[in-house]
Every structure is written in C-alpha cells, then in structure tokens.
C-alpha cells in the first residue's frame, strides 16, 4: 500500500516537473516546480494559508501585506476563501478577491495549483520586462511602468468537482499574474484552455462540467458594494473566455486594480476618454495618448483641445495620439475626440493646461544670463520625453506679442536657428545644440519669446507647432533683437506706464512679516524664484523669501512681497531684493486668451521685460521702474484669524478657546459667508477599541458659489482631494502625484498641493481656498487629518459651528445652533454631551463623498463615549517631555495614542496656531493717503515702520516728511501737503522791461532793454523747484563799441564810441584805403564794418612798345618807366606827336602819360601826313586864340557901357582874367 502511494506521488511530481518544461510556450508565464513554484495540496477547496508580501500591494485602494491562493480559482486578501458555489458579486465580509476563474475546482484526482512570488533581479529581468511590456502597451499612462514585485498563480489542467472517469480529462488551464511597482498594481489573466464552467455541487453536468451556476470572473472589494465583473461572468458564455481578450491577445485580460475602481484596459463606446499625460504646457507640443473608443485602420482621428482642433493618429485598436496645440489659457479644459474626421465628437475627457511658469522647461539655455554678450550659445533638452516618437529635431525661436487695443495675443514662429556648422537639424538623441548668435532678423522686432525643439519634418518650419516639441523658459529676446539703448527704451516705456497707475490703488497689501505671509495661505503663496536665501540670491538679492498674491486685483494686477532676514518686509525704495507690483497678474485673468490676461506671458510682457531693461540692463532707470511698479507695503494689511483641529480631536476656536471633542460622526466645523459656506468634519475612532477620535475627512461648499470639495485620509496616498460641480454630478479625484499640477482652479474655490519639508521629512499639504475668505491647510499624520483654518477679517462676527462665534469674546464660543450658549468653563464631558453633538449634521445635508453603498450613518456612532480628561490629568513623563515639552495637548495625544508621530504633529499644529495668533495680533497702522502732487514710500505698516513723503517737481512739502507707525496703531502725524513752489516777483531793470509767464516752478521771466542799451546778465530766468530764480536779474547798460586802432600808414577820426558814432579813415600819400572809409557804431555794440587798411598805391604793369624797349624802376608811386626805340624808329604818342621817353606812376595809381609807340622815322623831315597833321594843329590853335580875344574885348566893352565908365585893363590883368 505504501509503495502504491509512493508511486502515485512520484508520478504526480514527475507530471509537475515535466509540465514546467513544456509550458511557457505562448500565453502562460513559466510555472511549475522547475521555476520554484509552491503547490497546494491535492485536495478539494484547499487554501495556501497567508503568503507574506514583502512590499505593500495596492488593491481596491488598500495596501496589503499578505494574500491567499485558493484551489477554486481565486486569490484572496484579508481571509482565505473555500466557498465553491459562488455567490454573485458584490460580497461583504472582507472577501477581497481576485477571481481569475471562480468555480468548484477539485484537484484530488489530477491537475495542480502552484504559485510563486518574485522580486525583480537581473536573473528574472526578462520575465518582469515581459509583464511590463503588456502593461505599457495597454495602459497609456503607464508608458514608463517598471514593476518591482510579481506573483504568479497557475491552475494547470484542473478538473471540476464531481468529475469522474473520462470527465476527469475535461480540464481548465489558466493563470493569474499580480504585478506592482508599489504604487500601481495590475492583474493579468491568462486563459490557455477553458473547457468547463461548473462543478456538480453548483448544478453542473457531471459529464462535461457545464450548466448550473457558471464560473465568475472579476474582482470584489469585500465591502458588499464594490466589485468588477467580466460581462460573461456567471453565464454559459464564460467557457469561451479563452477565445476572448480585452487587450487584443486571445485568452489574455489585463486590469488595473490599485485604485478604488477596477480599470478595464479594453475599449468602450460609452463616450469617456482616458488621457495621458493628464496635463501639459499651454504652449502645446506635448504628445497626448488617448484611449476609450474602439479604433481600427478606418478611424480618422481629430482631437479638440478646448476649441482648437488638431489631427491625430491611430496607435492601436485602443489608443490614439494627438499633439496638444497652443492655447492661451490654463486649467481643466475639455478634450474631445472624433473618430470620423471631425464630423462628430462623441468622446470626452479632461486635459489640464498649465502656465509656462508651472512647467519645468524641457529645453535649457546654458549660461542664460550671458546670452546678451556671448557669441556662441548652447541649449540642451530632455532626451527621454520624445524618444519613442522623434528622430531628428529642428531648433526655432518664437516671439510673443500682444495688443491691448485689439485684444490679440500671439506666439508666431520668427526664426530658425542653424548650428555652428550651418546644420539645420540635429539628432534628437544628441540632446545638445550650439549656434552662433545671429544678426537680428528683419521685419517685426520681438522682445519676449522662447526656443522650441521640434520634430523635424522637411518643409514644415511654419507649421511646426502642430508637431511634437519642447519649450525653453520664457525669456527676453534681447540676444536676438538687441535693444541698442535700454535707457531710452525704459524711458519711453515709463512715459506710457505713468498713465496707467490706477491699478496700484487696488493691489493686495503685503503682510508685514514673513510669519504673517506664511500664515496667510488664502491670499499668498511662495514665489517660485525666491523661497530660500539661496534661491533668492539671483533674482532678489537681500531677500530670504518672497510671496505673491494668488488673487487677481480688480484691474487685473498682482502683488509681490519680499522679506529680509529680520522677518520684516523689504521696502522697494531701500532694497534691491524687494518685491514689485504686477500690472498683469502672473497667473493671468480668467477667461484668459486675450491680451493682458494671458497666464504668465502677459506678466512677462508688461512687468518682467521692463524690469530687466530698467533695472538690469540700465540700472540708471531702476528708480523709474520702482516708481511705476512699487510693491504695496503692509499698511492697512489685515491678517487672517486662525483656528485648528488636530490630533485626538482638539480644537482651537477663532477666538482662541481650546477644547477637545471626540465625537464619531459628521459635524459642522464652520458656517460663515452669510450661512452659505459650510465646512464639515468627519470624525472616527482613532483605532479600534480606543476611546479617542480623529478627523478623517473634510468637506466644504459655498452654496451656489463654488464646487463641492472633499478631502480625506488615504491609506496609500496620504491625502486625496475630490470635487464635484453639483449634487448630481460624479466625483472626480484631483491627481497631483506624478504630475506637474500644483494648483487647480475650480468654481469659487482653488486647491493647491504643497510638498513640505518637516525636519527633513517631506510631507504633503493640501490648501483649499474659498473665494469668500475661508482657507484650509490640511496635512496628515498616521491616518488622521490636521486642519489649519484661517478667515479674513471681514468674516468676523459671521461664524458658527465647532470653531465658535468669532467676535473677539471667548465666553460665547460654545454657541449652539439654536443660539443658546454653553458656558466657557464647561468640562470636556459637557462639551461632548451638550455642545458638539448639537452640530452633528443631518444625513441629507452631508457634503461628503461616500463609497458605493455607504452613507453618513455608516460613519456615525452616537453611543461612543471618549476618555474624558482635563489638563491636570495629564502626567508628562520623560518620553512625553522629550517629544512635547510642556505642551499638554501634545502630551495627552501621546498618552492616549502612544504614537510619537501623532504627538509631534499635534505639537507642530499647536505651535503654528500660536504663531499665527501672535502674528494676527501684530499692531498695524492704517493706510496713508498719497499727498496730491506727491509720492509716498512706506518701509512697512507695523510698529516702527516709516512713511516717507516727497513732492513732484514744482511742489514743496509742508509738515513732516516722515511719519512713524506707533504702538497704538496710529502714525506719528498727519500726511503732509505738497504745495506749489513759487518764486518772488521781479523788478524791471532801468532802461529795460520784463515779461513773466508765471511765478510757479517752470515759469520764465524774459528781459529786454531800450534802444541803445544792452542786457548785462541772462535774458531769461526760470523759477526753480527751490523757489528761487535761476539767475540774478540782469541790468540794461548803454551800448558802446570797442575802441578802434589807427590803420598803419593812415589816420582815423572818431566822433563817438556810442551808438551812431562815426569813425572816418584816411591814408598817407602813396597809400589807399582797402575797406570802408566810414564805420558806424551799431545798437548791438559793434561797428558796421571791419577797420579798413592802408595799402600802397601801385600802377598797372606796362608793356614794351613794338620795336622798342622799356625800363621801369617801380610800379609804386614815383616809379619811372623809360622808353627807347630801335634804330629807324622814334617815339610818338597817340596823336602822332613825338612821345615822352619817360612816364611817372602818380598818386592816383595812374601813369603820367600814355605809353609811347615806336614809329618809323621819315627822311629829312616830316612825312606828308605828319606835316598835314602838324599844320592842322597849329591852325586850330590860332583860330581858338582869336575867338577868345574877340570874346574878351566884347565883354569888356559891354561892362563899361553899363557903368558909363571905361578903364582900360592892364595887359596883365586882362591876361589873368582871360585865362580864368
């Protein structure tokens, strides 16, 4: 008998061994003894017992550390399952199941069930790679999934219960793989051969294993409500599951099982889309994978991102691909997909567009600060992001511009960059590109832009934005379009900016201290470029931390506040590290898309660009920039009022009352904003059997104003945030992990995600900011929530709930819903019985999200009685003292929970609350008006802050120029007045006049003098800013001309040097004047001409006579020219008479005689012509003499006859008279 049993066992073992060798040839992963599998006993309804899991395995949103393998086709968590007649899902009783093929298996007479667990090692890398490949191909958001742990369970040739004889040959072979990386987990079902569905105990036919209640395939959460089933489960059709698939491989199914809902990887026709990645830059270029509808080769994909349509491609029967387009807006935007070329868009998902500021640039500019000066420039890029899609890339520059008049904003392609060797493309895998800084392109000049690395497609330069690509940071394009004179640029910009300063009146005032800024999470968040002394060094030297206003002002502006090492705000006038006002809010202004409202780009264009030109490239104009972009200091700042709920639920009210309330249920924590905003807290028992409670979830809603928010503890992720848009809509979880999403703007409420470093341990904080002035900071520790709540001052006197009646009085903090008040000195038991339960909500008023099948009553226990205590009951032992110091709340939590993490978190929450209370009590002086025609600069609005006043040009201060914020919250004096500056009246000068345009600053006085007088001094005086004229009053003095020198070889006679005086000039003999002989003294004090000169008189040069010669001693006066003739010639003048042989240069510059001629000499005397001429001359002379004599005699006789006397004149007299 023993030998028979041994033989049978040996045969079965050999069967296992041989099976392991022949398996793994297709669908099934390797299994069997040779692979190291463990085997269930050869029996009916057997279970493996708990199999430890060395890393947490997430399933149905819970982490598990053990599992069970059951013969009946099930892997279970929490408890083993031996049930053979399956009950339809959903099941309760912690039956958390992976039902591969749940049916009545009996391996007593054949078949085997084996399993093994694997950690990833080099020796099994191929096996893990195969599993990863299946998952990556099927799930678009798991393209980089890499598993670290795997569990393989195999049911090999297992028969059904009740089979006998030939029916034992009817067997099923199937396998389950559970795969995880610790965060995501998947189940792979492999069905090699399915031939039966039902055991006889479940109504199956004993001959074939069909009929009855067929097998069930799917997953069950064990809560009685949540499950997933394959459609053919519990039907006869399940026998054909080995011919089916949800991923296109016959016999294989794949599911994602880590979240609260099982995700089927197959396609659907229900209209929903899965999108990966779920977010990207609003600049576009991201490859977005989309799954949902069933696709084939005939599908023509068109994606509509918001309202922009782009073409897509089919990747597989379940996946399509589109490139996100440029959109000038951010937030959760609809993504619709058409499979028929855009005729209809029946499938919808969500894609979150992020501001370029919130995206880590995939393209880096090396040594970016030197790009304006360096000749060779270099960029690098992420070589993994597009690795599967892009081979070669091109590098381009895009320029941003916007026009406020038209509202147009655009980011066009402006320039293609070429490499050092003139290459236009480069392999994507190179990850690096260097180029010579080019000359400025012609055409439009762009000042702001970015560099894009794009997939290269020849001829697609202008359309490359439709191709996959990556972007650099937004930056100043000064390196491509140089600004020759930044000072002039800044001056022109400032001139325009001065006409647009109204926005400064409505910007958010800054917190006075860094402590206040960190507390005021409802209005401010950290600046991404300045959040530590090291990070601030480059952009804000001297600052240690900066915050920015999250809320957009009435005029679309923002605010930047920076703080020094002394915790105080830095004044823009006194520190280079101070903040600036933002004309355009960094986050943009909804609904975005138009000039001035575009997220980050408008801010860059209107604020950062001029700051760089004015304060970096032209420091001379930085003061100009500060005048038109001054940060608002903290005058009139109103800090928020804090309240907290922490640990074993301890609460501090808005008025500072500390108490404990350990209810189990859902309560109104806060009601405010006119009763329309309600914040609810869900409390549960800290641990099973404990007499302490904790906050496990929060929910909030501003009715008719906001979306509904739900924040809860997550076993796997720490904190989950859900929202929905109305009571009838589905809840949506906001995904922060694994994305770059850090802020989600919803209707009436914004949600922020923050990683916080607590003593070297990174923790998650969730900020929830309702627009009506309520903010929450939620953190988690050991399965409980700590909530820090802050309210803006305008809500004071308008609150109810567990946070109390905020009115500055503690004695009415325990006000109940009916208006009655529990005394402030009530005991913890009184609070538990007479105050807290009164704020328990009705089930229909709950704002929480509930798992399927659950509601408020499942989280309520009115019979729960906590441990009542008072501070005197707490004994702070050595351990508590080490953790808590003297903090009794922390010590109590440590004593009750025994959990150091909870105790530390409680202490931290209480410390933060006390700090916030102290900062809220900081004395702050009110806002000071800016004097008309003046300016104001305030160092800070808290005690000791100084307000300095100056006046515009042309105005002068009256009263003190500086005021100090005093301890009583008032300033030390009144705001001074800027009065117009005036100059004294002016007297007219003697012999002159004055005309004054104005005695105000800039006024001009113009002086003139009477004729004959001239001004001594400036003719124009200007009234200056100090109230004095720019020069002394001029005088009118007589006009005189300068004394004149006598010319050499000449003389002058001057009648007067006054106006009208005449100077006359003459020259000595032999000299003549060159210039005017008379000069007149003119009204301008100058003579009418230059002084003349006396130059020697000269006669013209002479020519030698023909047939003769000439010798001249000089051409000057007195010079003699002598003439001689050649032989046979004699000198003659022009009358033919004998000429003079010498002529003299006379005083008048002429020669005394004409130049003689040399004529031929006649033989013996005169020629006939000469004789005739001589006779004519002599005869004429005689005739003339006779005429004269006769005339004289006649005249004498006439005179004598008139006088009746006659005297014969003497001959001499007669001669003399006759010659007159």
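Each residue, glycine too, has its Cβ placed from N, Cα and C.
A TrEMBL annotation is a machine prediction, not a hand-curated record.
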Annotated range (TrEMBL: transmembrane segment) out of 1149-1173, 1174-1198 | 1174-1198
How about the domain 'AMOP' (482-629) and the domain 'VWFD' (641-847): at least 3 CB pairs under 8 Å, pairs 6 or more apart in sequence, or not?
-> yes
Pairwise CA distance, residue 1094 (disulfide bond) versus residue 1009 (disulfide bond), rounded so that it is a whole Å | 38
Inter-residue Cα distance where the pair is residue 951 (disulfide bond) and residue 1009 (disulfide bond), in Å = 38
In whole Å, note down how far the CA of residue 1036 (disulfide bond) lies from the CA of residue 1067 (disulfide bond).
-> 38
Same chain, |i - j| six or more, Cβ under 8 Å of residue 978 (disulfide bond); the result in sequence order is 931, 932, 933, 934, 951, 952, 955, 956, 957, 958
Averaged over the domain 'VWFD' (641-847), the pLDDT of the predicted model comes to 92
Packing count at residue 1094 (disulfide bond) (other Cβ atoms within 10 Å of its Cβ) | 21
